[in-house]
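J.: Summarising the annotation, TrEMBL assigns ATP binding site to ARG10, SER11, THR12, GLY18, ASN19, GLY146, LYS147, ASP148, ILE187, LYS195, MET196, GLY197, LYS198, SER199. Here TrEMBL flags 11-19 as motif ''HIGH' region'. Residues or ranges marked as L-tryptophan binding site by TrEMBL: ASP134. The annotation motif ''KMSKS' region' is assigned in TrEMBL to 195-199.
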Amino acid sequence: MKETVVSGIRSTGKLHLGNYYGALSNFVKMQDEYNCFFFIADLHSLTTHPTPGDLSRTVREVVVEYLAAGINPETSTIYVQSDVPEVAELYLYLNMNAYLGELERATAFKDKVRSNPDNVNAGLLTYPVLMASDILLHHGTKVPVGKDQEQHLEMTRTFANRFNRLYNVEYFQEAMAFSYSNKLVKIPGLDGNGKMGKSNGDASCVYLSDAPEVIRKKVMRAVSDSGPTEMNQPKPEAIQNLFDLMKVVSTADTLSHFEDLYNNCAIRYGDFKKQLAEDMILATEPVRSRINDITNDDEYLKKVVRLGAEKASESARKTIQEVREIIGIKRLF
Ligand code: TYM
């Protein structure tokens, strides 16, 4: 039997290169080898209170981008998280043995508390429990995600093992974060620090749907410095980030060409950025053109989402029935 893969992306807007290289490109590569569930995490996106209009628009955008990236809805299950309400039931059960201390210690939670102290809601605190529910609902064992999700996967394993111990069963399996390279990926942004992410602003992100002119503009404005002054000098973070991006979108030859120029203090950032922008445009071109083709095809999107909801619900119902039985929840009469 094929191993089961589960992963999702929140519906918070258009997908960027971080989502693509951290998650989506692996989804596409994994789909023939595994039994795959790829969903749009609309319930997770509620922690930041989107308007109803924004929520449904962004869910649709992510469905379109999944398809545009090459996920095949016939072989993989593409679904919207809220179309499978069983996940909320499993979340409730798992919340009973997720502890405040461990939830408060999660790095992503601490980051959110720091950056948004006025919105520390219970949904944010228990975000990793909902994520564990997504994965365990289908008995996923491989979870393609970026580096920032590694700790959430550890927590998923903790909750699964704890459930098994509590009820003395071997019901849930351990889910592992997955990437084709040995290391989980972290794609940096264009703003000189950290990872590419919407919370760092549009200028730091290259979106899959960005037009070539927009990509050129963003990359030319990326943070850099006045250039190296000594041979083989270590790169400051902003420059290293641009080289890391080049490593992902360009050929090995191009990368080593610019590495050599940097090490010999002969690099011209204008040329370097121009090349980086062109390679990003090339790398995103197939997805971008398909986004434009699919985006207005209501009939097709409806078919995909309905089929996905059906397939995901079947798997979810079975799990919930079994979990209820294990816990001892049954109709009295
Ligand atoms: P989200 O929407 O924040 O991110 C979606 C995926 O994109 C990856 N990612 C990155 N990878 C590398 N570099 C970056 N700069 C970068 N930015 C984003 C994330 O690691 C993630 O894989 N909590 C999840 C959504 C989720 C989920 C799940 C994932 C909900 N339930 C169950 C797997 C299994 C998240 O971070 O979404």
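Note: Cβ is positioned from N, Cα and C throughout, glycine not excepted.
Note: TrEMBL annotation is automatic and uncurated.
Please situate the listed features within the shown structure.
T.: Around ASN19 (ATP binding site), the same-chain residues six or more apart in sequence whose CB sits under 8 Å from its CB are ILE9, GLY146, listed in sequence order.
Long-range contacts of the motif ''HIGH' region' (11-19) within the same chain: residues 40-42, 45, 48, 50, 55, 58-59, 61-62, 65, 146, 186-187, 189, 195-198, 205-209, 245, 248-249, 280, 284, each at least 6 residues beyond the stretch ends and with a Cβ under 8 Å from a Cβ of the stretch.
Spatially close to ASP134 (L-tryptophan binding site) yet at least six residues away along the chain are VAL6, GLY8, PHE39, ALA41, GLN81, VAL87, judged by Cβ distances under 8 angstroms.
Among residues of the same chain six or more beyond the motif ''KMSKS' region' (195-199), those with a C-beta under 8 A of the stretch's C-beta atoms are 12-13, 16-18, 115, 146-148, 186-189, 205-206.
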J.: Mean pLDDT for the motif ''KMSKS' region' (195-199), rounded to an integer?
T.: 92
J.: Could you work out which of the binding-site residues (ILE187, MET196) has its C-beta surrounded by the smallest number of other C-beta atoms within 10 A?
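T.: Lowest Cβ count within 10 Å among the binding-site residues (ILE187, MET196) is ILE187.
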J.: How big is the ATP site in terms of the longest C-alpha to C-alpha distance among ARG10, SER11, THR12, GLY18, ASN19, GLY146, LYS147, ASP148, ILE187, LYS195, MET196, GLY197, LYS198, SER199, in angstrom?
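T.: Among the residues the record ties to ATP, max Cα distance equals 19 Å.
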J.: Sorted by position, what residues of the same chain at least six away from THR12 (ATP binding site) have a C-beta under 8 A from it?
T.: SER45, THR48, PRO50, THR58, LYS198
J.: Can you tell me whether DSSP puts THR12 (ATP binding site) in helix, strand or coil?
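T.: In the DSSP reduction, THR12 (ATP binding site) maps to coil.
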